[in-house]
Each structure stands twice: as C-alpha cells, then as structure tokens.
Ligand code: APR
C-alpha cells in the first residue's frame, strides 16, 4: 500500500506507464495494454444526477438538509446506537432514499459497459441505491460495501423480514418490528458502528491485482472503504473522476485527476475509447418503460404537433398584443380628434387595466405584457407609439 502523500505530483514528473496523465492517455493504455482487470470504486456522487443527494456536498448534501429530523448530529440518522433509541428519523428518510424511484446515471451505464467489454474485475460501491444493479451490472460483480436496501433483518435476533412488509412500512414511514421477537428491523445498510458485510472483506485485496483503478463520486472519508485506492499497486494508473481531489489521489505519477462531474468524465473517457455511441444507447435503455408512460399519458406529441402548439400559443400572444396596440392607436387618434366614445372606454378599459397592472405612468411598451422579449419590434413600436 503506497504512502498517500497529500501533494499532487507535478508536471515535471512524467507518468511511468501512461503516455499522458489524461483520459486520452488512459484510453491508449487500456487499448495498448489490453487492460481487463479494472476495479471501480464509487460513492454518492455518481447518483446525484439521478436526483439522489450525496452526503457531504455543502448545501445540497444530505447531511446539510436533515435539520427537519432534529438530530444531535446529521450522521446519527445512520448510527446504530441512535437507531436503537429512536428509529423514526431513519424511516422518515428511508422513504426518500428507497430504490425504485430513480433511474441510473450514465456513470452507472459506463460501469455496465466496462463489464460488457470484459474489462470489469470488480465494482466497489458505498451506495445503497442499487442503481448499479438497475443499470445491469451483475450482482456478483458488485461489492456493496455499505449494504443496500435489497434485504432487511431484525437487529436483535437477525431474522429476515419480508420484502413486501418492508416496502409497505417504508412507504408509510412506519417502523417495522420483527415477526419473531418484535425487535427493530432495518434494511441491510451498514450503519455507523456496524461491521461491513463479509463480501467486502472477501474482496478487499482485489485492488492489488488490478491493472486500472477508476474512483468516482466519493469523498473517501469513511473507512475502511477509503483505504481501497491505496491498495492499488504502484505503476497501476488510478483515475479520479470527482468534483474535488480526495484521498491523496494525484500523488502518484500515473494518477489521473479529472475534476468535474462524473457524467461528463465518463462521456469523455468513452469518447476517447470510441465507445460513445454504445454508452449513450446503453444509458437510453435505462429509461423507464415508454409503454407504461404512454399508457398513463398517451403517446408523446409528434414534432409537428409540438410545432403547431407553439405557433398557436405565439399567435394568441401576438393577437392579444396587437389588440392592445390598435386600441392604443384608436385612443390616441380619438384623443387628437377631441372625440371620445363609449367604444374607446371599453378599449381603454382593456388598455387602462393593463396600464394599471403595469403601474401608472409607465410607457406602453410595458403595458404590452411579456412579449417584448419575444418580439422586440413590438416593444420598440410601442415605445415610439
Ligand atoms: N460528479 C462528480 N463528483 C460529485 C458529484 C458529481 N455529480 N456529486 C458529488 N460529487 C462528489 C462530492 O464533491 C464529494 O467529493 O462526490 C463526493 C461525495 O462525497 P460524500 O457525500 O461524502 O459521499 P460518499 O463518499 O459516498 O460517502 C461515503 O459516508 O455517510 C456515509 O455511508 C455513507 O456511503 C456513505 C459514506
């Protein structure tokens, strides 16, 4: 396990294996070295674009938004000792996090593509959302280091709890109790203070055999998961695709830092590998079934129907606007002729009402409503009128 110094290797230190410390260099390495033992290590950051908040991002992270649960510390919601005392905050949150409401991201599809291309040795995830499974990555290729919602047990007698009862309880934010001993039941996600699943320890040496390591969307703050990248042998490239530099990545000559969002990073790597079309097609296939959606909402409008709707909407807006300006012209003409008629009042009413709406004294370009930004000539015409 190499020392993970905090300094980033500088450009004066050339890579020892890669041609260049970038995704093009990684793609060349994959092709030229016939890479086939890739380990992937991920965290919540690969699911944020699916709509699942991560934990520690400032403002948007889960831990910044749990005030409504009134917890001593945000992480208590996943603390086994706290859960024994008060399981309610967890079940209030579980409903929002439970699988089945989210679509995999293109980063999840990239992991599936690595598998399909025969390169994936093992995928280590800290996530409990099961989106890798939903993206089609086979279960035996995944190490769910922090468990998942896939199963649930009693925390006392360890008896399994039925899936359907669990789903019902989560949906109603109710706390389920063991059918055997009435103890508390929780999904098999690893709480702070609990041991990681045996599957993690049975596979944790695999990074030592890897010929490439890709780390995505994790702060690498929670042990023992955070120690995995350090197990990769020196001289084996490690690619970090993350909003920020974490875990001492960048300290080795063949570390590649891709600081930005995961979806953009995996698209860039796929492009360099010539896999762009397969990746997009694979991700497209993760869309919820069009059939069920059509059954609910009817067939999506055709392009022509969409265009016609847009034309109709704009026509209505223009008619309304022209109606205001011709009433305005009429009013000015009558005013100049020194005449006023009952008809003008009603037209003025329309104009006055709009002027009143936009505030007395404003020139009539404001009283035209919101189309000035759509038809600038209308805004100009009314200013000069
Ligand atoms: N693209 C790239 N990086 C992202 C994106 C994104 N779209 N969204 C978030 N990130 C980055 C954040 O900048 C941060 O570095 O992903 C990382 C997410 O870190 P955390 O919120 O700490 O999530 P994670 O690393 O999975 O947390 C580990 O902590 O609370 C426990 O059990 C929980 O498994 C979790 C563990």
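Every residue gets a Cβ built from N, Cα and C, even glycine.
Keep in mind that TrEMBL annotations are predicted by a computer and have not been checked by a curator.
What you see is a predicted model, and the numbers here were worked out from it, not measured in a lab.
TrEMBL has this to say about the protein:
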ACT_SITE  146  active site, proton acceptor
BINDING   44-48, 54-56, 126-129, 218-219, 242-244, 262  NAD(+) binding site
BINDING   154, 157, 178, 181  Zn(2+) binding site
COMPBIAS  286-320  compositional bias 'Basic and acidic residues'
COMPBIAS  328-337  compositional bias 'Basic and acidic residues'
DOMAIN    16-276  domain 'Deacetylase sirtuin-type'
REGION    285-385  region 'Disordered'
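Nearest to residue 218 (NAD(+) binding site) in space, judged by Cα atoms and limited to the recorded positions 146, 154, 178, 181, is 146. For residue 181 (Zn(2+) binding site), the same-chain residues that are 6 or more apart in sequence and have a Cβ closer than 8 Å to its Cβ are 154, 156, 157, 159. Residue 146 (active site, proton acceptor) has 44 as its nearest neighbour among the binding-site residues 44, 47, 55, 178, going by CA to CA distance. If you draw a 10 Å sphere around the CB of residue 146 (active site, proton acceptor), it holds 21 other CB atoms from the protein chains shown.
Each residue contributes its Cα atom, and for residue 243 (NAD(+) binding site) and residue 178 (Zn(2+) binding site) those atoms are 41 Å apart. For ligand 1, the nearby binding-site residues are 218, 243; that is, of 47, 154, 157, 181, 218, 243, these have a C-beta under 6 Å from one of its atoms. Put plainly, the binding-site residues 47, 127, 218 were compared by Cβ crowding within 10 Å, and the winner is 218. Applying an 8 A CB threshold to same-chain residues 6+ apart, the list for residue 55 (NAD(+) binding site) reads 44, 61, 62, 63, 219.
Mean per-residue pLDDT, taken over the domain 'Deacetylase sirtuin-type' (16-276), amounts to 95. The local packing around residue 243 (NAD(+) binding site), expressed as other Cβ atoms within 10 Å of its Cβ over all shown chains, amounts to 15. With the fewest other Cβ atoms inside 10 Å of its Cβ, the least crowded of the binding-site residues 44, 154, 157, 178 in this structure is 157.
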